[in-house]
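Reviewing the structure listed below.
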Amino acid sequence: MEPLVIAGKSYSSRLLLGTGKYRDFAETRAAVDASGAQIITVAIRRTNIGQNPDEPNLLDILPPSQFTLLPNTAGCYTAEDAVRTLRLARELLDGHALVKLEVLGDQKTLFPDVVATIEAAKILVKEGFQVMVYTSDDPIVARQLEDIGCAAIMPLASLIGSGMGILNPWNLQIIIDKATVPVIVDAGVGTASDAAIAMELGCDGVLMNTAVASARNPILMASAMRKAVEAGREAYLAGRMPRKIYQASPSSPAEGMFTGTQHPAANS
């Protein structure tokens, strides 16, 4: 398959994986390996990547030489907090510019605050960040974020951590059809079929965390998600047959059969 290209860099995997909620760093690494993910997102406010020298460092098991780390602003509720967090991430990662922006608007649902998200995106793009941005499934907001200069649009499929799957495929389809940057479904994926559906719609990738980390067997689920993303992408590229009513046809030709009778309803 053709690679996923984000901010000028190519990736063979279209599955992006988060690092939260695992039992320990060893399980995190095992899940990453099983998923085949190359872009790994890290919550800067919750995960140590050098801020706390006396604590285990995620970079020891997921070194930047092997993976593209995607610092994110999970837990930020203002544009100012989000910008400050990503500036810190850039310092900790020696000038790393590819980041995931999310500014939340509600602590219970974790819906994005799109006004604050747009505000933060403008600042970050101006400062040279390559911004992958978590947003609602509103096509107008998605276009505004692309116009600002975001490197990828990441609409939610449903609430973060809900596992409810894709609730509004029509809006996602509009975003995909109109976007000229990668569209990556972020939030709400619960199982492999959700990931496959997102890819069949034409999404360029899928980002997930809870669906893998909270599975009964996270490593096995990571492997399942890898296959689902690949299968969904191949199905999208292959092009599904059209849906039809009253035009059913057998998969094997009926002409030339030695025996058989015509169903009486065929002449009615």
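Using N, Cα and C of the backbone, Cβ positions are placed for all residues, glycine too.
Fair warning: this is a prediction, and the values are worked out from it, not measured in the lab.
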Per Swiss-Prot, member of Gly161, Gly202, Gly232 binding 1-deoxy-D-xylulose 5-phosphate alongside Ala187, Gly188, Asn209, Thr210:
Gly161
What's the CA-CA gap between Ala187 (1-deoxy-D-xylulose 5-phosphate binding site) and Lys100 (active site, schiff-base intermediate with DXP) in angstrom, rounded?
13
Other CB atoms, at most 10 A from the CB of Lys100 (active site, schiff-base intermediate with DXP):
27
Between Lys100 (active site, schiff-base intermediate with DXP) and Asn209 (1-deoxy-D-xylulose 5-phosphate binding site), what is the CA-CA distance rounded to a whole number of Å?
14
Set of same-chain residues at least 6 away whose C-beta sits under 8 angstroms from Gly161 (1-deoxy-D-xylulose 5-phosphate binding site):
Leu110, Ala187, Thr210
Counting only residues 6+ apart in the same chain, whose Cβ is under 8 Å from the Cβ of Asn209 (1-deoxy-D-xylulose 5-phosphate binding site)?
Leu17, Gly18, Thr19, Gly20, Lys21, Thr41
Restricting to the record's 1-deoxy-D-xylulose 5-phosphate-binding residues (Gly161, Ala187, Gly188, Asn209, Thr210), give me the longest CA-CA distance in Å as a whole number.
10
